[in-house]
Amino acid sequence: MVLQLVLNILKNPFIALFLTVSIGYLLGKIKYKTFVLGGISGSLIIGVIIGQLNIMIPPEIGSLFFALFIYAVGYQGGAQFFRSLNKSTLLLLASSTITCLLGLICVLTFAWIFQLDKGTAAGLGAGGLTQSAMIGSANNAIAAISSLPESIIHTMQANVAVGYAVCYIFGSFGPIILLATIFPLIMKWDIRKEAIKLATEQSDGSLDLEAGQFSAFSEYTTRAYRISHNSELLNRSVIEIYKAYKYKVVIENIIRNDKLLTITPKTTINTDDIVAITFYEDLDIQSIISNDDEVTKPQQFNFIEEKRSLILTNKNLFNKTIQEIKTIIQDKNYYGVFLQKIIRSGQKLPISNELKLRRGDEIVLVGKPEDLDKISDKIGTYISEAPITDFIFFGLGMVLGYILGLISFNIFGISITLGAGVGCLLSGLIFGWIRSVKPQFSNLPLGASNFIRDFGLAIFVASVGITAGPQAIIAIKEHGLTLFFLGIGVTIIPQVISFYISYYLLKIKNPIVLLATIAGGRSANPGFAALLERAGNATPVIPFTSSYALANIWLTLWGPIIVALVTIIPK
């Protein structure tokens, strides 16, 4: 009686979906050393198990949530993708493309040798190359084959999920071993030392990072001092002090004769002044105020600081280093602001004087409102801290994605339809780029886009697993062990070949840049996380984001291409 009640409840597709996601993410917390199963793989496995109850999930549900997921992926990578199309990152993009092409060739070769059907081959690619989006793009392509009966289409779509589930575990684990252990061992690289060396080069020699440490350049503090007769700051103007200490010291307030002064760039420091000083913590402040006495904050010091986010849109500052921008903006003017962080495509970048900023970078500044007002227009467009989604452009973006998905074309006589997945990916790229050049439009806050991306993928994968459930056991019995070893080949072979091509032919010699580029080209998030842990700093982030943005597009496109080029159809 109770069991029958539970079964009847689970027959509700929405209950089944949310239960699958919940238990799947619980299962995904399983961790062995640096390997984590992950919520997506967990949801797929639980979905296959629950799917044994023959629960019917309307196909439109999976299609919609996949479209939302892939649009968010494109949106987050849009600015970075279009910015990456320049000479400075050409080699990284070439390496990423080579890695993706080698992955496609491996999948097609194994499919031909072992007579895999369209769905199984696509699942092999999705799992071995750890690209969940390929499941959706392949499923859409399979669904578009109007000449096949519905039962065959369902079988092939189930095989996509099975192939992904069988191959995904080593697909995630393999890059961790190769990138963080095997390649460095073969090349005799010390990842930590190379990361410190690269960080030092990028920061003009000012960084020496140890594990768990990051540049204190973005950390600051405010203190009050009474100026003595032999102070280092005595008789110097506010702007003079600002420039003398490379913009790392800001005179916030001055009390003179118990009165709060109105500060201008030319205001000078006198004996017995009480001065509020804000400074970066990497500055040796004691060498500046060694002759002055620190005092308790006077009651008059109640100035308000504000955090302000700006999108870099000033063309004169594109591809300039932070040091160059400081000189350009602040050389003739006084702006008492501090750089807190820089975000590119959702990734917080390591701050150094030699870091080059790009159009669309989010720059977060901290300072007094009046100082921020002076500098904001010279950098770019202010974006509100309020997380408000522009639903006008979000809706238009999804409409455009579905329209693009209707496009079909022929390759060597084979008809290929983009499908809603690829269409929404392209639409997301376009609207993400629009946001970077026109920040007042197409706002989709990072928190919102992360939710759409993660929730969309979770529901989609859960629906795939539940739908594939009845067919999954049959497919695993038929191809399970073979698929697992083929997945190992798809995971390892492209990385190894691309590593040596990138090192010897493309001349990407820096170990951190090379390993991060390979990780991005393989869409290997666990491998990147392991590399980041070994590096001990954020130096792998920039090369990874460049190659990762392009790889997401290529690997998603491989779904319909694999379906089109593989000829075997299950009986």
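Placed from the backbone N, Cα and C atoms, the Cβ positions cover glycine too.
Automated prediction, rather than curation, is the source of TrEMBL annotations.
Annotated transmembrane segment per TrEMBL: 12-28, 35-55, 61-78, 90-114, 161-187, 388-405, 411-434, 455-476, 482-505, 512-531, 551-569, in sequence order. Positions annotated as domain 'YidE/YbjL duplication' by TrEMBL: 16-182, 394-563. Sequence annotations record features per position, and here TrEMBL assigns domain 'RCK C-terminal' to 311-379.
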Take a look at 12-28, 35-55, 61-78, 90-114, 482-505 and tell me which one has the most Cβ pairs under 8 Å to the transmembrane segment (512-531).
90-114
Summary of DSSP states over the domain 'RCK C-terminal' (311-379), given as helix, strand and coil counts:
23 helix, 20 strand, 26 coil
Against the transmembrane segment (161-187), which of these stretches has the most C-beta pairs under 8 Å: 12-28, 90-114, 482-505?
482-505
Quickly jot the same-chain residues contacting the transmembrane segment (551-569) by Cβ under 8 Å, restricted to those at least six beyond its ends, or write none.
70, 73-74, 77, 81, 96-97, 99-101, 103-104, 107-108, 111-112, 115-119, 121-122, 125-126, 129, 131, 133-142, 145, 148, 152, 156, 411, 414-419, 421-422, 425, 429, 520-523
Long-range neighbours of the transmembrane segment (388-405), counting only residues six or more past its ends (CB under 8 A):
67-68, 71, 75, 140, 417-428, 430-431, 434, 441-445, 448
